[in-house]
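Copied over from Swiss-Prot, here are the features:
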BINDING   538-545, 584-588, 638-641  GTP binding site
COMPBIAS  65-77  compositional bias 'Low complexity'
COMPBIAS  100-113  compositional bias 'Low complexity'
COMPBIAS  131-147  compositional bias 'Low complexity'
COMPBIAS  204-217  compositional bias 'Basic and acidic residues'
COMPBIAS  275-295  compositional bias 'Basic and acidic residues'
COMPBIAS  311-328  compositional bias 'Low complexity'
COMPBIAS  331-344  compositional bias 'Basic and acidic residues'
DOMAIN    529-696  domain 'tr-type G'
REGION    538-545  region 'G1'
REGION    563-567  region 'G2'
REGION    584-587  region 'G3'
Amino acid sequence: MPVRIYALAKELNLDSKELVDVVKKAGITGKGSALASLSDEEAQQVRGHLAGSAAKSEPKPKAAPPTKDTPTAPVAPVRDLSGATGRKPSAINVGRPSKPAEAADNPNAPAQPIRDGGRPVGKPAPIVRTPKLAPAPEAKAPEAPAADGSPKPEIRLPKTGGVGTGMASPSGRGIGMGAKTDGQSTKPESAASAPSVPGPKSDSGGRKAPESPKRESAPVASSDDDGSSNKGGGLASRIAGRMGNNSSGRVVPNTPGTPLSAVRRDSASAGGKMRSLDRSRNRPEEAAKAGDAGKSKKREPRIKVNLAQLPSAPAKPAAPTGSSGPAAQKPDIKLTRDVIEGHKQGMKAPLARLEQDEADKKQRSKKTAEGTVGLAGRGKRVIDEDEKPKKKGLAGMASARAERQRGGGGRRIVGSDGGDRHHYRRSRPRIRRKGVNTAAPRKEKVQIELPCTVRNFCEGSGLSVADVMRTLMGMGMMVNINADIDFETAELLATEHDLDIELKAAESLEQELITEIEETADDPDTLVARPPVVTFLGHVDHGKTSLLDHLVGINVVKGEAGGITQHIRAYKIDKDGRAVTFVDTPGHEAFTEMRARGANVTDIAVLVVAADDGIMPQTEEAISHAKAAEVPIVVALNKIDLEGVDANRVMTQLTEHQLTPSEWGGDVEIVRTSATQGTGMDELLDTLLTIAELNEYSANPNRSALGVCLESEQQGDRGVVAKLIVQNGTLRVGDILVCGPAHGRVRAMQDTLTGKPITEAGPSTPVSLMGLDTPPGAGDRFHVLKDISQAREIASAREGESSRQSLSGITTKVSFDSFQEMLEDGKLGESADTVKLNLIIRADARGSLEAIDKELSKFDHPEVEIRVLQRSVGGISLADATLASASDAVILGFNVIPDDKARSLAEERGVEIRRYDVIYKLTDDIRALIEGRLKPEERVVELGRALVKQVFSISRVGTIAGCYVAQGSIQRNCRIRVNRDGRTIGDYQLDTLRRIKEDVKEVPRGMECGIRLQGFNDIKQDDVLEAYKIEEVARKLD
């Protein structure tokens, strides 16, 4: 049956902590607490270990055969204590008699109750110390325990204060029978052959007591025969003493002629007076009162020293002595990797921890030994004779309070006579918390999913919230514990705090499905040749669309508003039995995103450069897009038929942009073309097909389709129409499609060039697709899935993310310097005086919306805030007019018209609707709208100067200044600055201007007039009046 360690400790009369250490030494691991359970086998193993330890430290003494013919050693005379106490000394029965007959021969010995080990139960019998005297050969014992030639018995007494023996203190400082006095070792005789010898009488008895020689303090611990120090208070000795084995102490037998040394019971006071062993153990002051009252009436015990041989435990085998073999060595303990890693995390090394534990144990043992004086039993104190009487203490609760204040508030033990014997308190172990992380290191990296909050990051990384918040504030981020942190911020935190963590984004259905589709590698056996995708890039009005019209055989230029391309187009044509896909991009500055999309989906980029203009800003942008896409570049030098063009100048400019012509040893092919006359068209087409053959473009038509959305629009009769280009696989009618925030099933597809319906589209094929729920974003990738619910979930997640970004608003960044300026000016917390321009934008395609947004981003002004309330694809509806009326917004329509309801509501409520078909016209009107909402600029215009010649005072009117206009003119409603003695003393509004008696609008130079100022009558002669006016001038964004 399992047993707790503390229950086994009570059974073995041990301390629970000591038994825990014994369990560890016995080889039983995982039992570091007194509440741990031990099985029957483990308990038996612990008992066997304790028995083995006791047998090893206490060897069984050799039995001495008793002989009557052997003379005994002389016994030293015992000091007579009757003079001090008035009572006769009693004998102390140390140990138990070797034979029952020997105990019966002593009729004066008091009856002792016998326990299981043969030890007397009750109070420990006091031991009488005898002075060192000269040997008395005439005092012969009738019996001798051993012959002269026989080996002397070795008797060990327990060194710990047991219940029945009382021979030593728990701290190991009690003196056993084998203690040395004056450098001589005492050798006692057996109890049967040592009769009590009366000590010398006192002076009152007629005999002079011999003078005790001065004794020096002997060492407390006894020495073994081999000279090795056996320290008192050892674990095996204490266990043997508490388990009933009385053979722990050792007494060296006397040799003939050597006197018996004094038996000591005091701990460290070796040179004090002899204690009275028969008086009650009261306080010193109470003992003095009892001595004055008279002698004690209690029965005095008869003291007798019985030095009988103490047999060892019968069930324990004799263990070899310490000198019989080499000293035991500790096993080599190799440090594991976990321990080494734990040391790096703040854990102490095993050796350092063991040394610290040993030092703490020695320190506690030392403190216990210093605070314990002559303990005969646990918690009982023996008061020496020479102790000075203490001061009279306080009574009642005051005494207890004072005791607690000086640290003596322990448990109080009351003696049999009602007096306090000893105050002691059990010291509790003090727990010191150290700020060191003692957790074992992780065996693998911590994974943190992003985005996460600051709290989640701290819990995952093991950092405190205060440290993370302090680091984020140091980075200039004012966040709270629930704020989200992105991937970059988490990386900065990990670097700052030296964390070895793995950051990963949360797994979603999109990542699971879309990533699998994108990363699926095609089998080389399934790849077939596909048509190349050729994109025309260049500056506006350089002839891109004209070149494409000549190659394709159509005329798109005439249908474009303003003669410029404002939409991206894609066509697939067959030329000499070989298919080529062409993509036309706008060249206007506003269509940067369209050019970037065209460069990303292309295989070959055709850079169209006008021979008369050369490299222009949008040409440089197109070069950067093509280089970023890492595609071959072919330069079409257009308009070569114009007079005065210099092809070498254009090629020099291309070389400056790292495009070296093949004619000059580079790798860029330059084809001279003319779209109007058709010059160089065949050469350009052959060059493109040759480059396609060299690169061997291929795709797998048997897999699910994926590609890019080039453009999307909302049509009234067909709904959402998306222009897609298939990059890999085959797209069929009925496929489930997800493209950005849009999803749906393919209902119909049309050819982009002819408009004919088609049922499937292979690689490098542009199509117009119907069936999506909303217009997808231009540039979004599309994928074909197997389940409509998965497509709906992915599209919904994308739409939610887009909504969160749009609703997040714009956070104004305030630097510390601007914050200080606002604080000093008292403008902190005040809203800026800005004018808001609300817009509702409707366009025919997603690409047009992107172009308009790009143009609006140019008009960033601190006094005007442009807010786009809604942007969408399709015509202007009644809801748009209602929203514009409620928010005082302007509706901008690009290539769309309002319906009848929207037009009538706009006329009724005064909503402004502006329609455009060319992007730069829309840009000019938006600029005018913004400039019209700017505050006009005030300019000061100087008009003239007048000198005050004479001053007239009229009671009802005021002071009139007669002036002479010396410069310029004085006009009505102007302002006047009054200058006197070279400085301006005031600035006032002109109230009245008269010439003779008539009010006039203006007085020219050289004329005299009368001037009256508003609110100022202190005009004096010789003052100078300066006339000026403030004009408001409309401001420009430039």
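Heads up, the Cβ atoms here are built off N, Cα and C, so glycines get one too.
Annotation note: Gly538 (GTP binding site) sits in a strand segment as assigned by DSSP. In the three-state DSSP assignment, the secondary structure recorded for Lys544 (GTP binding site) is helix. Take the binding-site residues Gly538, Asp541, Lys544, Thr585: by the count of other Cβ atoms within 10 Å of each Cβ, the lowest one is Asp541. Mapped onto three states, the DSSP output places Thr585 (GTP binding site) in coil. Taken as a whole, the region 'G1' (538-545) shows an average pLDDT of 78 in this prediction.
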